[in-house]
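J.: Sharing a structure below in structure tokens format, with a few things to ask.
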Amino acid sequence: MTNYIFVTGGVVSSLGKGIAAASLAAILEARGLTVTMLKLDPYINVDPGTMSPIQHGEVFVTDDGAETDLDLGHYERFIRTRMTKRNNFTTGRVYEEVLKRERRGDYLGATIQVIPHITNEIKRRVIEGAEGHDVAIVEVGGTVGDIESQPFLEAIRQLGTEVGRERAMFMHLTLVPYMPASGEVKTKPTQHSVKELRSIGIQPDILVCRSVGALPASERSKIALFTNVADKAVISLKDVDSIYRIPAALKAQGMDQLVVDRFGLECNEADLSEWEQVLYAESNPTAEVNIGMIGKYVELPDAYKSVNEALKHAGLKNRLTVNIHHIDSQDVESKGTQILEQLDAILVPGGFGERGIEGKIAAARYARENKVPYLGICLGMQVALIEYARNVAGMEKANSTEFDPETPYPVVGLITEWLDAAGTTEVRTETSDLGGTMRLGSQLCHLIEGTKVHEMYGNAEIYERHRHRYEVNNNLRDQIEAAGLKVSGLSTDKRLVEVVEIPDHPWFIAGQFHPEFTSTPRDGHPLFTGFVAAAGKYQKENH
């Protein structure tokens, strides 16, 4: 039977509930337990798929094609369990399902209310997502006291009561601010946050106190006294220079043992040796490289969270410190490619819309002509293709129909039909809804032997996650290949181009998929590892 740990946050948002929860999950997994994680998001959007990356951060895509909160990326980077569409749902998704059932008549004429109908649907989804694991860690988005969070908090209160104290724990994350003027930390915000939580019927079993420095024992005891939490269950979580230090920090304070004792689980001591190797590599680099990420959402780094992390993971594998320079593609348009001259490699990530596209195309051209290592992801592949078509294949004004519907050379166009991972034919048109209509999730890709990308993966068949609605136009593919661009990966039905590369370039690879979603600190990812290695080589030879 599954045991539940419900995670809530108080005082302020952005305290790192997802990181703290994932770190606890990593320790429990290191003890031999099977662990999964769920994120409950209080916003009314059905999913984050159509939300602005500048507001919400990146959209993380799972193997089964769910467009989810970026916290699921943290979960997959900390534990081996792969997330699915069951691991993240929103208020909008819950209401959509309840209203659908009401229209069908499933409720037999009852008046539909938040309690019990909405809360029952939340509980059903939590139980379904947790099924089959020793422990499920359930994170509730937002902050205690938010109006939007109330149905979720009520649902987890009910579920905790229904499964019993032997199978449910509540973990609350709060801020303990430091006041420089008095030289003191202040516990009052934490006391009030717990008071708010208790007013709705939830007594936390573990308090994780975020602070600038380690909390003195006297302050931990004071918090324990006023919140009715055991002294040993008040965990101090100070700021650290690497999030991968947090599992060891929590284990040192016995957090995993609190969970094991509460649930009566028999398991081994946690083996964190893999995390120790990660920290050693992070602390002992042999050199550093400068990689430019040419994007359009650079004002919010979380918009490219998984790409940032994947580059860091590749740095660990190469024992290199990766300095990531987020460069607005519109700056490349206005200031020219001279702003790229000090870079050791260039990465163009995914994105949508015409704004800044010419800057990305210029960056791809700069990388090609100056033999700078280049990695294109999704849109990054499309701009590389457009650039090559224009400047090498002689297709003047070549473009994507997304940006110029009247282009004389539509080298990239809307995918109108494709086979999904289950073998089902999907059809789209220009008038299809934006939400949930892209080619999504893990897809099989066949790599061409003898290519650089085949060398990187060491395999002819790979699975990578996708999120796009535009693809290479096969009607112009032969003409571009004849000019020297190599198609090095194709979809299962051979109809969609998945990877391209330039054979006479030291390292120029671009893929329609998103390899960043499967990179982890312990394993890295072959494409990113190869890319950062190429950056290191370029740096030695040119800088």
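Placement of Cβ uses the backbone N, Cα and C atoms for every residue, glycine included.
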J.: Just to be sure I read the record right: SER14, LEU15, GLY16, LYS17, GLY18, ILE19, LYS238, ASP239, VAL240 are listed as binding ATP in Swiss-Prot. Which of ASP69, ASP71, ASP302 is listed for the same site?
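T.: Matched candidate out of ASP69, ASP71, ASP302, per Swiss-Prot for ATP with SER14, LEU15, GLY16, LYS17, GLY18, ILE19, LYS238, ASP239, VAL240: ASP71.
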J.: Which one, GLY336, GLY351, GLY441, is listed by Swiss-Prot in the same L-glutamine site as LEU379, GLY380, MET381, GLN382, GLU402, ARG469?
T.: GLY351
J.: I want to verify one value. Collapsing DSSP to three states, which class is THR187 (UTP binding site)?
T.: coil
J.: Nearest to GLY18 (ATP binding site) by Cα, among GLU139, ILE147, LYS188, HIS514 (recorded positions)?
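T.: Among GLU139, ILE147, LYS188, HIS514, GLU139.
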J.: About how far apart, in whole Å, are the alpha carbons (Cα) of GLY16 (ATP binding site) and GLU139 (Mg(2+) binding site)?
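T.: For GLY16 (ATP binding site) versus GLU139 (Mg(2+) binding site), the Cα atoms are 11 Å apart.
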J.: Using other CB atoms within 10 angstroms as the count, which residue among the binding-site residues GLY16, GLY18, PRO189 scores least?
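T.: Counting other Cβ atoms within 10 Å of each of the binding-site residues GLY16, GLY18, PRO189, the minimum falls on PRO189.
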J.: Within 10 Å of each Cβ, count the other Cβ atoms and name the one among the recorded positions LYS186, LYS188, LYS222, HIS514 with the highest count.
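T.: Counting every other Cβ within 10 Å of each candidate, the maximum falls on HIS514.
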J.: Measure from the CA atom of PRO189 (UTP binding site) to the CA atom of ASP239 (ATP binding site) and give the result in Å, rounded to a whole number.
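T.: One finds 18 Å between the Cα atoms of these residues.
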J.: Least buried of the recorded positions ILE147, CYS378, going by other Cβ atoms within 10 Å?
T.: ILE147
